[in-house]
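Database features (Swiss-Prot):
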ACT_SITE  Cys51  active site, thioimide intermediate
ACT_SITE  Asp58  active site, proton donor
BINDING   Val73, Glu74, Ser75, His92, Glu93  substrate binding site
Amino acid sequence: MTELKEQLSLLGRKTEYKQDYAPEVLEAFDNKHPENDYWVRFNCPEFTSLCPITGQPDFAEIRISYLPDVKMVESKSLKLYLFSFRNHGAFHEDCVNIIMKDLIRLMDPKYIEVTGIFTPRGGISIYPYANYGRPGTKYEEMATHRLMNHE
């Protein structure tokens with residue numbers, strides 16, 4: 001347990017909210033079951049960012065699903081990371097891809113997918129989806145299959 005506490009600096013401490021995009025707040029911990037394929041899903045219904053052109057707020061539900069390998073993302077750090085987009089200007093599609101790439105850098109998962117379900121603006125809903133499967137593995141094939149059969 002001491003080793004786990006050393007890996008995670010945010011749990012049980014006063015929360016400092018970053019005012020702009022802050023990938024450095026993401027933390028990972030060791031997966032105790034890396035030999036198993038299993039899903040971890042985060043549903044984040046209060047995501048906000050800013051339109052990079054108008055500065056108007058955008059609201060979304062972000063869904064993150066992944067198959068962990070050696071590392072897993074710590075949920076409080078993920079919450080703070082997603083909160084850091086609040087004053088960040090990025091298009092919906094960029095937000096989803098940035099989130100996915102940052103989590104890949106952090107954890108190197110076997111597979112990951114991120115969906116943004118953005119609240120309509122101007123009468124149009126945008127639901128960007130991005131995924132990744134580790135190259136040269138069955139997860140790469142899985143990513144291709146899921147992308148080609150997405151909705």
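Cβ atoms here come from the backbone N, Cα and C positions, even for glycine.
Most Cβ neighbours within 10 Å, among the binding-site residues Glu74, Glu93: Glu74 holds that distinction in the structure as shown. Glu93 (substrate binding site) sits 12 Å from the residue listed as 'active site, proton donor', counting Cα to Cα. His92 (substrate binding site) has a Cβ environment of 19 other Cβ atoms inside 10 Å.
Spacing of His92 (substrate binding site) relative to Asp58 (active site, proton donor) is 8 Å (Cα to Cα, whole number). Here is what falls inside 10 Å of the CA of Asp58 (active site, proton donor) among the recorded positions Cys51, Val73, Glu74, Ser75: Cys51. Val73 (substrate binding site) falls within a strand when secondary structure is assigned with DSSP. Pairwise Cα distances among Val73, Glu74, Ser75, His92, Glu93, the recorded substrate-binding residues, top out at 24 Å. Cα separation, Val73 (substrate binding site) to Cys51 (active site, thioimide intermediate), rounded: 27 Å.
Just so you know, the Cβ of Ser75 (substrate binding site) picks up 14 other Cβ atoms within 10 Å once every protein chain is counted. In this structure, Glu93 (substrate binding site) is part of a helix by DSSP.
The residue listed as 'active site, thioimide intermediate' and Glu74 (substrate binding site) are 28 Å apart (CA-CA, integer value).
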